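The following features are taken from TrEMBL:
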type: COMPBIAS; residues: 1-16; note: compositional bias 'Low complexity'
type: REGION; residues: 1-23; note: region 'Disordered'
type: TRANSMEM; residues: 68-87; note: transmembrane segment
type: TRANSMEM; residues: 93-114; note: transmembrane segment
type: TRANSMEM; residues: 121-144; note: transmembrane segment
type: TRANSMEM; residues: 156-177; note: transmembrane segment
type: TRANSMEM; residues: 189-210; note: transmembrane segment
type: TRANSMEM; residues: 230-251; note: transmembrane segment
type: TRANSMEM; residues: 327-344; note: transmembrane segment
type: TRANSMEM; residues: 378-396; note: transmembrane segment
type: TRANSMEM; residues: 408-430; note: transmembrane segment
type: TRANSMEM; residues: 714-734; note: transmembrane segment
type: TRANSMEM; residues: 746-766; note: transmembrane segment
type: TRANSMEM; residues: 778-800; note: transmembrane segment
Amino acid sequence: MDESSASMSKARQSSSTGDEEVNSLVIADVEKVKPTDADPEPQSFIEMVKRWPKSTFCIIANEFCERFSFVGMRTVLTLYVINILSFDDSKATILFHSFIVLCYTTPLLGSIIADSYIGKFWTILWISLVYAAGNVTLALASTFPKGDSVHPYLDIVGLVIIGIGTGGIKPCVCAFGGDQFNQNHLRMISIFFSVFYFSVNAGSMISSLVTPLLRTVPCNGLDSCYPMAFGIPAGLMVLATLVFVSGSIFYKKFPPKENIFLRVCQTIGRALRNKITSKESRSHWLEHSLDTHNCESDQHCIAYRQSKKFLTEKCAEKRFVEDVKSLIRVIIVLLPVPFFWSLYDQQGSRWIIQAVAMNSKITDSFTLLPDQVITCNSVLVLIFIPFFQTCVYPVFEKCGIKTTPLRRLVAGGLLGAASFVICGFVQLAVNETLPDVPGANTAFISVINTYTDCNITVRAPGLSEKFILSNSSLVDDKVKGLMELYRIEANGPKAISFSFVFQGTCGMQEASYVAHVEGGKSFYVIVSPQGITQGNAKWDKPTEGAGQSSMNVNFMLPCSMVPDSVTWGNCLTKNDSMAYADRIAVCAISKSSSHPCNPRSSKYYTWASDEVHSQEVIGYDGSRFSATIYGFKDVRPEKYQAYYVYYNKTINGGVPAAEDIVAVPIEGFTFEFDTMGGVYAFTVGARNQSSKLQPQMNIHSIVPANNVNILLQIPQYIVISAAEVIFSITGLEFAYSQAAPSMKSVVQAIWLLTVAFGDIIIIIIARLDLFSDLAIEMFSYAGGMFVVITVFALIAIFYYDYADYSDETATADTCTSDGTDNASFVADSEDRLSGTKM
């Protein structure tokens, strides 16, 4: 291909969109062009503007809206599946890539409907309506709360409909735009495709930046707003359909013609059937399709003879079989291609999951969201396309290194493997901030010392002695080299007898406590002035992707210390045997003196009744104290003050206004989160100071904060983007140029299917659950890609000879069964090999 053609055959997802339909159909429709003197092409810009089909603006606007809709939905899909559908990382990966498989197999359905039945216009219109219905269904499903019975069933229904919709229109929109031009207006058609690509890239990049921001807007009492993140793309898909319909009366609408992909499948099927039943020997198994062929009655052969375009062979079917042979040769060479897509498409799943566990804070005022990083791919590809065409490839050529398509494919595959090596090393750094998870027969246990004036020595039979400073705890932090938690073998429930020796001025000497643990879980024991208790630790980092840290509150402040202004709940009678047990909230510290704690603020967090439970604390004298445990809550970075809260007025399904609540500050309960990804246990209690009880707070780090900056993902995006430009553009160019002219549209369909097969590889590997460490998984994919690309290089060297169709002239296969020209059959399909190797 020349440079302009290569640009038009830009690789899939040039802006992370998966838009092979653009690449595929551009070439197929340009083939329709047959220069004629009847309508000379406009030469000046003004003439072009006058002659420009205004209906194409509807098509371009439609594509912008559709890409914004699809890319926006897909960008936030992985986090939605993890956080709202409660899928683990592996199941989320499977669902995401199953959706992508559907998106890249249904284009075959769309092309068959358009080419064989109702034409491009009606296919786009009806399937767009289906597409919009899928978007609306998914947006509707996202309005239901986490854990509702509609999940995940309604979500999956929406995704299936979207997959059918986006795939169904893939082969049609770009080609339909090309149909609107006069056939010999080549320059105008080229300009149209450039503008079309711009709309694709603009819609994709804007959406991948904006939609994650919509996701992080709190709504419906939650810290995220997926109804908005899915609802706006749904609205844009509806708008896209309306815009497309608005140009209906101005469109050129051509009747459907034969679908070549179906004809290829029929030829292969017939050849296999005849080979099984036939005793006749043929030089190639595909030639058995001719066993039952009658050239005199076959409509293709009749049309071929009537066209008088044949050179030597008068049988159209024989020529078609030769073309299918060339297609099979190309398919064999492309067999390793799906593995490249199995790496590339993980940008939308595994790489986002990796980003969630990284530090997204770039500056004090700017945070790069985990699902925004993928925008780097869009920008880099647009930069790399002209860079490689005008700089990289010419430099190699000047150095005497010929950059043939197969060599480029090998280089692109190796870069793809390199990107996953980089990703693996980044994940090794991320792993240092991830907690160890107890096995099924192991329990983890920490000890929290909330005393501010005593250190503690911890002893237990069969366990090592540990020393804990005042107002401190046992922690695991691999970054700091700390692995302090007790690891206890526990095949089932097990009791551990701890003894505590105090050193300091707290007035305590010794104490004991029996902790109850269980394999596969993590616990902490709190040693406090109120007594000793234990709680369950959470080791899952926040996955919302908006910079949250997770916190729970072990509230041990006795009712006798609750202010008199708290005139509700269980502390109306002041006593020392129980803690406050009603609503509390943590609110971003506000300068507003009248309403410092606003429930409608984006940084207001409270606990529902089912997130609160009581916990018995055993006093040192054998007495019992009832503490209140507020479960783990994900909170965004900010300075916070905790409040006792009472709702004077409630709104069914809504959030009260600031003036409708009473908020009384909890003394001593002020804190700041300036990091993200950590998990913390807050213990709020009392200490005796100068014979008077004073509030105190302890913060125990269960899981350390993310400390690997998200910018470290940029190198892997740079390398995978370069790999995409080299591999995807070249692969599509190679497949197109090496297929017989009549097979051009079929090879585009095969190219789309390689994407689907690549995602199937991801699904299989995720389903087998072979890896517990994401770093090992990334290295394994890199190794697999290296092996596959080595096999590919051997095939290229020892098996494949380049085919040259540049001198082919129009022949029989340019005719349909009625003798009219068919865009899918544009040249003589006789196989001419140049003898050039890799």
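Each Cβ is built from the backbone N, Cα and C atoms, and glycine gets one as well.
The model shown is predicted, which means the values in this text are computed figures rather than measured ones.
Sequence-distant contacts of the transmembrane segment (156-177) (same chain, at least 6 residues past either end, Cβ-Cβ under 8 Å): 19-22, 24-26, 28-29, 56, 59-60, 62-63, 66, 70, 73, 77, 95, 99, 102-107, 109-111, 113-114, 120-121, 123-124, 127-128, 130-141, 192-193, 196, 251, 748-749, 752. A Cβ distance under 8 Å defines the sequence-distant neighbours of the transmembrane segment (327-344), meaning residues of its chain 6+ beyond its ends; these are 13, 264, 286, 406, 412-413, 416-417, 419-420, 720, 723-724, 727-728, 731, 734-735, 738-740, 743, 746-747, 750-751, 754-755, 757-762, 765, 781-782, 784-785, 788-789, 791-792, 795-796, 799-800, 803. Among residues of the same chain six or more beyond the transmembrane segment (230-251), those with a C-beta under 8 A of the stretch's C-beta atoms are 53-55, 57-59, 61-66, 68-70, 72-73, 76, 80, 121, 124-125, 128-129, 131-132, 135-136, 138-139, 142, 176, 180, 207, 211, 214.
Panel annotation: around the transmembrane segment (93-114), residues 18, 20-21, 74, 77-78, 81, 85, 87, 120, 123, 127, 152, 156, 159-160, 162-164, 166-172, 256, 259, 261-262, 345, 348-350, 353, 745, 749, 752-753, 755-756, 759-760, 762-763, 766-767 of the same chain, lying at least six beyond its termini, place a Cβ under 8 Å from a Cβ of the stretch. The recorded stretches the transmembrane segment (121-144) and the transmembrane segment (408-430) do not share 3+ CB pairs below 8 A when only pairs 6 or more apart in sequence are counted, and are therefore not in contact.
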